[in-house]
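K.L.:
Submitted below is the structure of interest, expressed as structure tokens.
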Amino acid sequence: MSSESERGPVGIIGGTGLTTLAGLKITGEEARSTSWGEPSAPLVQGRLGHQSVVFLSRHGNPHRIQPHQVNYRANIQALYDAGVRTVVGVNAVGGIHPDMGPAHIVVPDQIIDYTWGRGSTFFEGDLEETTHIDFTWPYDADARAILIAAATARGLPFSDFGVYAATQGPRLETAAEIRRLERDGCDLVGMTGMPEAVLAAELGMRYVCLALVVNWAAGKSDHIITMEEIEAAIEPGMSGVKGILEASMAELGALTPKSS
Ligand SMILES: CSC[C@H]1O[C@H](OP(=O)(O)O)[C@H](O)[C@@H]1O
Ligand code: HPA
């Protein structure tokens, strides 16, 4: 744990249904440029309770950037440059696991990357050495424990495990693709979990995913997936997500940076 005066801001990357963070007491806004390009939106600085927070809307504000076109490197680099060393990535997902239907909240413990063609590493160009980071546990254990405790205390429909399948999008999956992901051991499906998680790891940041199930994945219900269904699940579900964020911010902010 670090002392109050040493604390940097906690980063929150909001996704679908979380373009802005209600409850964040905004103190400033900063348009940051990075050597990887422009992040999706200006960084919004503020406080959740006593903890300073930097909020970034993954798909821009308004929501307009497709999942395969997000500049993940610029987003993570901009947060790093703003002093963020712990990041919560909030994701809307489809549920594959039979217990993970709409409104369920999950703190996944693993991820499988099915994306392609994205800028997925900072180790590129004319470098002096090769670097292969360990990525056995893609999500930070301490940050996971904090979110899990907050979700448990609030009595929300919630799972403290799950394998997130990161697909390319922007289309949703076929039923056969979902059956394949299930055979692979995936519990949830979304389009943005990678390379966000690995880029944070490459910079030595703590990264954790807080996922809200907004629909049954393709073929897991008796109907096709509609945006109306997703929008209906987002509003109530995100209020639970915000409650978890508020309840866990101080502890997340007190985590010692991994690479200090
Ligand atoms: C049908 S909504 C798909 C959209 O929602 C998720 O976004 P995010 O992870 O940023 O919350 C998913 O990955 C897709 O981008
Ligand atoms: O069913 C889905 N598939 C991929 N991404 C998603 N994001 C929300 N729901 C889904």
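Cβ from N, Cα, C; glycine included.
Not my notes, these are from TrEMBL:
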type: BINDING; residues: T16, R58, H59, T192; note: phosphate binding site
type: BINDING; residues: M191, N215, W216, A217; note: substrate binding site
type: DOMAIN; residues: 9-233; note: domain 'Nucleoside phosphorylase'
type: SITE; residues: E173; note: site 'Important for substrate specificity'
type: SITE; residues: M227; note: site 'Important for substrate specificity'
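Situate these features within the shown structure.
P.N.:
When Cβ atoms from all protein chains are considered, those within 10 Å of T192 (phosphate binding site) total 29, not counting its own.
Annotation for N215 (substrate binding site): same-chain Cβ neighbours under 8 Å, separated by at least 6 residues, are G94, G95, P102, S221, I225, E229, I230, A233. The secondary structure of N215 (substrate binding site), as reduced to three states from DSSP, is extended strand.
Taken together, the residues of the domain 'Nucleoside phosphorylase' (9-233) have an average pLDDT of 97.
Of all Cβ atoms in the shown protein chains, 23 besides its own fall within 10 Å of the Cβ of E173 (site 'Important for substrate specificity'). Under DSSP, E173 (site 'Important for substrate specificity') is assigned to coil, being neither helix nor strand in the three-state scheme.
In the three-state DSSP assignment, the secondary structure recorded for M227 (site 'Important for substrate specificity') is helix.
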K.L.:
Give the subset of the binding-site residues R58, H59, W216 lying near ligand 2, defined as CB under 6 A from any of its atoms.
P.N.:
none
K.L.:
I'd like the Cβ neighbour count for A217 (substrate binding site), meaning other Cβ atoms within 10 Å of its Cβ, all protein chains included.
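P.N.:
Around A217 (substrate binding site), other Cβ atoms within 10 Å: 28.
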K.L.:
With respect to ligand 1, which members of the recorded positions E173, T192, N215, W216, A217 satisfy a Cβ distance under 6 angstroms to one of its atoms?
P.N.:
T192
K.L.:
Using C-alpha positions only, work out which of the recorded positions R58, M191, A217, M227 is nearest to E173 (site 'Important for substrate specificity').
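P.N.:
Minimum Cα distance from E173 (site 'Important for substrate specificity') across R58, M191, A217, M227 lands on A217.
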K.L.:
Report, as a single number, how many Cβ atoms besides its own are within 10 Å of the Cβ of W216 (substrate binding site).
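P.N.:
For W216 (substrate binding site), the count of other Cβ atoms within 10 Å is 20.
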